[in-house]
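Colleague: Annotations per Swiss-Prot:
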REGION    1-34  region 'Disordered'
REGION    38-51  region 'Interaction with MAP kinases'
MOD_RES   SER44  phosphoserine
MOD_RES   THR66  phosphothreonine
MOD_RES   SER93  phosphoserine
DOMAIN    97-349  domain 'Tyrosine-protein phosphatase'
MOD_RES   SER143  phosphoserine
BINDING   ASP257, CYS290, SER291, ALA292, GLY293, ILE294, GLY295, ARG296, GLN334  substrate binding site
MOD_RES   CYS290  cysteine sulfenic acid (-SOH)
ACT_SITE  CYS290  active site, phosphocysteine intermediate
Amino acid sequence: MVQACEGRSRAQLPTLSLGADMTQPPPAKAPAKKHVRLQERRGSSVALMLDVRSLGTVEPICSVNTPREVTLHFLRTAGHPLTRWTLQHQPPSPKQLEEEFLKIPSNFVNPEDLDIPGHASKDRYKTILPNPQSRVCLGRAHSQEDSDYINANYIRGYDGKEKVYIATQGPMPNTVADFWEMVWQEDVSLIVMLTQLREGKEKCVHYWPTEEEAYGPFQIRIQGMKEHPEYTVRHLTIQHQQECRSVKHILFSAWPDHQTPESAGPLLRLVAEVETPETAANSGPIVVHCSAGIGRTGCFIATRIGCQQLKARGEVDILGIVCQLRLDRGGMIQTAEQYQFLHHTLALYAAQLPPETDP
């Protein structure tokens, strides 16, 4: 190979035309090379012996981590605890928070890895898919011949408790019955909705009745409604066959898509609305959704977990919270602006807590 390349290089050099009265001197002879044995070149008199039979049997010096392994390692180990005092008086700068946020792997699902026929027709956004290891599988309470698929994931809560939340997309016309089946199957007593039905374009269909309506085999009734400045609370009943259950539905409308609320107060009041004895007594997960089920949904869940950490420990690990959320559902917390707003909201909550007592 080397000789062939050298041959091409010489062939490409321009030739020099010599005059008739000039004679070309004979080429100088290159000095003879002294052949050196391999042992001498290596500076050793010990013969080099290579047993080709041993090739391939030696363990590699180090293993190479795949991008997937690197992602999982980061999401499982990263953290940045902040005390109440630091969060209020010496918080990271917006630039530092942006840099920290951009280092967090999104952990989105590759569509090729989701081997579920026909799932695309039930996805509001083709690139936002449920992570397989934590996705909710429908048990098919009705006789409809369909898959167990719904674009939803179980999400861990404070202290890593399993299945505290279900994060899901805003229901579509062809997934409303699936949504209510999930509510029934998981014994859900609280739904938090963080989007309006339309924000320029459709973000979510009107999946609850004005008074009473059937969605598949589930009969939904409105029992009462109360409007607050930033959100509306509806008390529903869901009936399947002869069994009837109560469900609380909260529609928080003061949050534009891909942005943040004008102030943190309304979000903290929403969290307080959720912190009721009824919520604590119910064993089922809280269903949280916006349009895609990752941005505003992630912010609400992270805020509630962060408030619980501050109240119980006197510090909060917002980076660790977001990493835990993204392990369960890729892309939770969509923008650096939302990440910064999360810090601002939790700093406000920390300021509202009773003064810390000296140990």
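Each residue, glycine too, has its Cβ placed from N, Cα and C.
Since this is a predicted model, take the numbers as computed values, not measurements.
I would like each feature placed in context: is it buried or exposed, what are its neighbours, and how far apart are things?
Modeller: Taking Cβ-Cβ distances under 8 Å and a sequence separation of 6 or more, THR66 (phosphothreonine) has no neighbours in its chain.
Taking Cβ-Cβ distances under 8 Å and a sequence gap of 6 or more within the same chain, SER93 (phosphoserine) has no neighbours at all.
A simple way to gauge crowding: the CB of CYS290 (cysteine sulfenic acid (-SOH)) has 28 other CB atoms within 10 angstroms, across all the protein chains here. DSSP assigns CYS290 (cysteine sulfenic acid (-SOH)) to coil in the three-state reduction, outside any helix or strand.
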Colleague: For GLY295 (substrate binding site), what is the tally of other C-beta atoms lying within 10 angstroms of its C-beta?
Modeller: 24
Colleague: Can you tell which of the binding-site residues (SER291, GLN334) has the fewest other C-beta atoms within 10 angstroms of its C-beta?
Modeller: GLN334
Colleague: With an 8 Å cut-off on Cβ-Cβ distance and a minimum sequence separation of at least 6, pull the same-chain contacts of GLY293 (substrate binding site), or say none.
Modeller: ILE128, ASN151, ALA152, ALA167, THR168, GLN169, GLY170, ARG329
Colleague: Determine, to the nearest whole angstrom, how far the Cα atom of CYS290 (cysteine sulfenic acid (-SOH)) is from the Cα atom of GLN334 (substrate binding site).
Modeller: 12
